């Protein structure tokens with residue numbers, strides 16, 4: 001059984017325990033957790049730079065700054081170095097580690113999404129519903145979903161549900177996220193530089209390789225043009241692109257959670273610290289492995305900058321991120 005197969009067995013279970021999963025992982029690496037009382041919400045001056053274009057039923061009005069962009073509220077429920085949660089172990093291949101990280105980050109994100117899917121007893125509707133969130137918005141941005149080959153604005157709950165189903169479908173697709181061990185080295189090895197057919201070791205006869213052009217790029221000379229992230233673990237050539245696509249959609253969900261629901265419900269039920277911890281873990285992985293473009297990060301760039309300034313997002317992740 002591959003490393004990814006072993007960690008994927010529990011996928012889809014205990015999603016509501018996202019915080020305990022994060023705390024347990026942090027504790028295993030020497031981190032600690034803390035609880036704090038909810039600080040009061042002060043009045044804040046308007047700032048057009050962080051204005052919102054959410055619907056009328058949103059907690060925020062156009063031009064009202066987001067309180068989560070304040071360093072005062074950029075705190076986490078987990079204390080410690082988040083790089084210990086993100087860094088690839090020496091004995092685990094990168095493709096398998098990224099697959100593991102996607103499963104874990106999806107667990108954490110699902111736990112946060114479930115918070116806004118809770119039904120408000122006063123209205124009988126989910127906190128995030130088609131009336132309060134008629135579009136998948138994050139500040140001044142509105143994300144669209146392709147329908148019939150054309151971008152369409154759909155309610156945030158529908159968008160998030162589609163993203164969740166799409167991610168789960170990807171993770172459980174053996175063609176994209178294989179769980180069977182790759183074929184043995186012997187069955188894919190080539191003799192004497194021949195790259196057209198596997199070696200036949202029963203004959204013992206070497207196969208002459210064609211002349212090598214010394215002017216060819218180093219990657220071609222070393223055979224790296226046929227290499228990709230996860231290849232040695234059996235992942236397909238498009239695996240890295242799929243990972244980036246999943247990360248982008250995950251970020252959009254976080255962007256809506258913050259812009260549309262940070263105050264209600266996360267602040268009101270004192271789960272904003274947990275949301276921050278899940279997001280920092282997510283961004284640390286995305287930056288450390290350079291999986292998310294800078295433009296995609298714009299809706300939450302102010303918050304990311306605060307976490308970077310605090311050192312909560314490790315400097316190693318910032319250095320690795322080229323965007």
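Heads up, the Cβ atoms here are built off N, Cα and C, so glycines get one too.
Here TrEMBL flags 25-57 as region 'Disordered'.
The compositional bias 'Low complexity' annotation in TrEMBL covers 25-53.
Sequence annotations record features per position, and here TrEMBL assigns Zn(2+) binding site to 128, 133, 256, 261.
Listed in sequence order, 128, 133, 136, 137, 138, 143, 156, 159, 160 are the same-chain residues at least 6 apart in sequence whose CB falls under 8 Å from the CB of residue 256 (Zn(2+) binding site).
Between the candidate binding-site residues, 128, 133, the densest Cβ environment within 10 Å is the one around 133.
Of all the Cβ atoms in the protein chains shown, 25 others lie within 10 Å of the Cβ of residue 261 (Zn(2+) binding site).
Listed in sequence order, the residues 116, 127, 132, 156, 157, 160, 257, 260 complete the 8 Å Cβ shell around the Zn(2+) site centroid, once 128, 133, 256, 261 themselves are left out.
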